[in-house]
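The domain 'Alpha/beta hydrolase fold-3' annotation in TrEMBL covers 69-230, 279-344. Per TrEMBL, the feature active site maps to Ser151, Asp311, His341.
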Amino acid sequence: MRRDDEADLSELMGLKDYMGVMYAITFLERIAPVSDEYVEVTEETLDGVEVMLYQPKQQRGNADLRRAVIYLHGGGWCLGSSRMSPYDLLARKIVTELNAVVLSVEYRLAPAHHFPVPYEDVYRVVKHFLQMGVLARFSVDPRRVAVSGDSAGGNLAAAVSQQLQKEPGQKIKLKAQALLYPALQALDLNTPSYQQNQDMPILPRTLMVRFWSEYFTSDKTLFRAMMANTHNSPETSKLLKFVNWSTFLPETYHKDYNYSTPAVAQEVEVRVDGIDEPSRSFADPRASPLLVPDTHLYSLPKAYILTCEYDVLRDDGMMYATRLHAAGVEVTHEHYDTGFHGALMFTVWPTDFLIARRMTANYIKWLKENL
């Protein structure tokens, strides 16, 4: 075995152990759906996809229709669950403070189910929910529905928002999209935030690259190419203009980093388990929402984008906020100088952090004022 192969194996084995620990944590965080005095919690199936449904127990006003939030959990498309206690707590807060219905989607995960399966699960739920009969069943106002998610869930929320506007005959539209430290592109994995935060706990660069590669394939060739940022082909390189951080990132975040166009490999040999390239790859906007042209941004719903300084994904959210604003979309961008990736998960004892409470309060405040 060559030395570079040994290094790859060692790195992958370390990640495998880390992923195993993370999976165990997410599994232990799962709780049973239990209703309380204010919130009714049930497990439902919408168009074949499991969801956790949270509803107010009491209607405020005889004929008042409710707002609704379709929430998509994070976890790098490989981990996580709508049944985890931090997501359960967040859903209950949204219900009680907004008198809203919350659908938390239990989409299928990679690597057992590669892209586009997680995306398609989410899209089916959204399409099914946005029918007059279904909305009426849950007393939801069709003019006040939002999609939201954190990390990989933010990726799915952005992708669904884009796809829905292109759907012919879609009468009921989303009013808002709320993206919490979202992953939005897989073409340049060496932006300033990827470099600055490459060794940060919770989501180091190596783990995020692993999540991206596992989303598409179990073939480790793609992981190695992504780690070296040499995974772009001549075809995907045409889309790099949409993620050029020297253009879309605020000047203050350029610091001492110099932009260089990611290397273009003439051929990246990756077996993608029955998936035709490149329509179902990291260049597909359903996987990398930042890759759409400006003409696809103009009619998107108003957006809330949360970014954190200590997060490899910081620049993804910032670039999307810049592009949406330039396209005339109403955007609220909240950046946390002391924030870190996954902070919203730290709301349950013994890891109940002040910054997580502040983020949650501001996020719900935005929903209350804009949904």
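Glycine residues also receive a Cβ, built from the backbone N, Cα and C atoms like all the rest.
In the predicted model, residues of the domain 'Alpha/beta hydrolase fold-3' (279-344) average a pLDDT of 96. Around the Cβ of Asp311 (active site), a 10 Å sphere holds 26 further Cβ atoms from the protein chains shown.
Looking at Asp311 (active site) and Ser151 (active site), their Cα atoms lie 10 Å from each other. By the criterion of other Cβ atoms within 10 Å of the residue's own Cβ, the least surrounded of the active-site residues Ser151, His341 is His341. With DSSP classes pooled into helix, strand and coil, the tally for the domain 'Alpha/beta hydrolase fold-3' (279-344) is 21 helix, 19 strand, 26 coil. Across the structure, His341 (active site) and Ser151 (active site) are spaced 8 Å apart at their Cα atoms.
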